[in-house]
Amino acid sequence: MNILTDPAKLKTAGCADTNASKCSEGDGEGSVQVQLDPNLKIGTAKVFSIYGKGGIGKSTTSSNLSVAFSKLGKRVLQIGCDPKHDSTFTLTKRLVPTVIDVLESVNFHSEELRPEDFVFEGYNGVMCLEAGGPPAGTGCGGYVVGQTVKLLKEHHLLEDTDVVIFDVLGDVVCGGFAAPLQHSERAMIVAANDFDSIFAANRIAAAIAAKSKNYGVRLGGIIANRSRETDQIDKFGERTGIRRIAHLPDLDVIRKSRLKKMTLFEMDHTDEILAVQQEYLRLATEMLEGKEPPIDGKPLKDRDIFDLLGFD
């Protein structure tokens with residue numbers, strides 16, 4: 001079976017159907033978005049999507065969460081959803097080829113591919129995949145995500161997976177890059193204790209709320225990252241009901257781990273590293289257990305959040 005019989009679809013596909021009225025069905029009034037084919041449901045694995053402002057540390061968070069899940073004995077697949085394809089390099093120690101790269105190499109004849117052509121084993125057995133994307137300024141990243149899941153299912157690579165993590169490009173909340181939400185049980189937002197990332201988190205929370213009306217995804221909470229304090233995040237949470245679920249401090253050793261192309265679980269076991277590892281393990285355990293109720297938060301209007309944040 002050919003997944004992409006026409007490479008031009010990567011540049012023109014704004015949704016899975018060129019009929020806009022069909023695309024909007026079931027996904028909210030006025031929505032023109034990539035739709036989830038019922039045949040592409042991932043199955044029994046727990047699926048989490050990681051969102052947040054560009055540069056806030058989503059890939060660092062995703063990779064270390066993946067390792068934490070693997071340390072808890074789970075079989076983990078991390079899917080990078082950014083054309084930069086740099087989500088998994090601390091796990092694999094290299095920039096792996098993307099799904100789009102390997103499909104292009106066989107002229108989009110997916111039946112010629114083997115699983116090892118596009119899925120790579122990383123640290124502690126975490127399986128890694130980079131979806132890639134269309135050329136800059138063209139096409140729809142959500143279409144690529146859909147085709148990636150389709151390829152995984154064709155090769156039966158999801159059947160033995162316990163946890164799937166989607167690491168999603170920046171703070172884009174268009175139909176395309178909201179596509180991982182259609183597969184997810186929970187969506188987590190990474191934010192620092194500053195105006196820009198909380199402002200982005202508020203808009204992402206609104207996108208998650210919109211998707212939750214027609215899909216099973218629910219907001220899981222905010223992961224405070226690169227933050228000594230959390231007062232602004234907590235102020236936002238008190239106003240919206242969107243709670244903070246983890247706090248990862250602003251440590252230089254975390255920056256160094258990226259430069260060393262290593263996860264935090266591979267760094268020298270100093271007291272501060274051990275504390276961060278324990279926070280990741282605690283968060284992974286809570287995400288697996290799912291004891292915390294989903295967040296029914298109330299995102300703010302832009303003007304309201306502008307007025308809320310800051311020092312009195």
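Each residue, glycine too, has its Cβ placed from N, Cα and C.
The ATP site recorded in Swiss-Prot comprises G55, I56, G57, K58, S59, T60, N225, R226, P249, D250, L251 together with one of K84, K93, K211, namely K84.
Within the same chain, the residues at least 6 positions away from D250 (ATP binding site) whose Cβ sits under 8 Å from its Cβ are R226, S227, R228, listed in sequence order. Among the residues G55, I56, G57, K58, S59, T60, K84, N225, R226, P249, D250, L251 said to bind ATP, no two Cα atoms are farther apart than 26 Å. Neighbour list (K84 (ATP binding site), Cβ cut-off 8 Å, at least 6 residues apart, same chain): empty.
S59 (ATP binding site) falls within a helix when secondary structure is assigned with DSSP. Taking the Cβ of S59 (ATP binding site) as centre and 10 Å as the limit, one finds 23 other Cβ atoms among all the protein chains shown. Using a 10 Å radius centred on the Cβ of G55 (ATP binding site) and all shown protein chains, the other Cβ atoms total 13. Packing around G57 (ATP binding site) is summarised by its Cβ count: 23 other Cβ atoms lie within 10 angstroms of its Cβ, all protein chains included.
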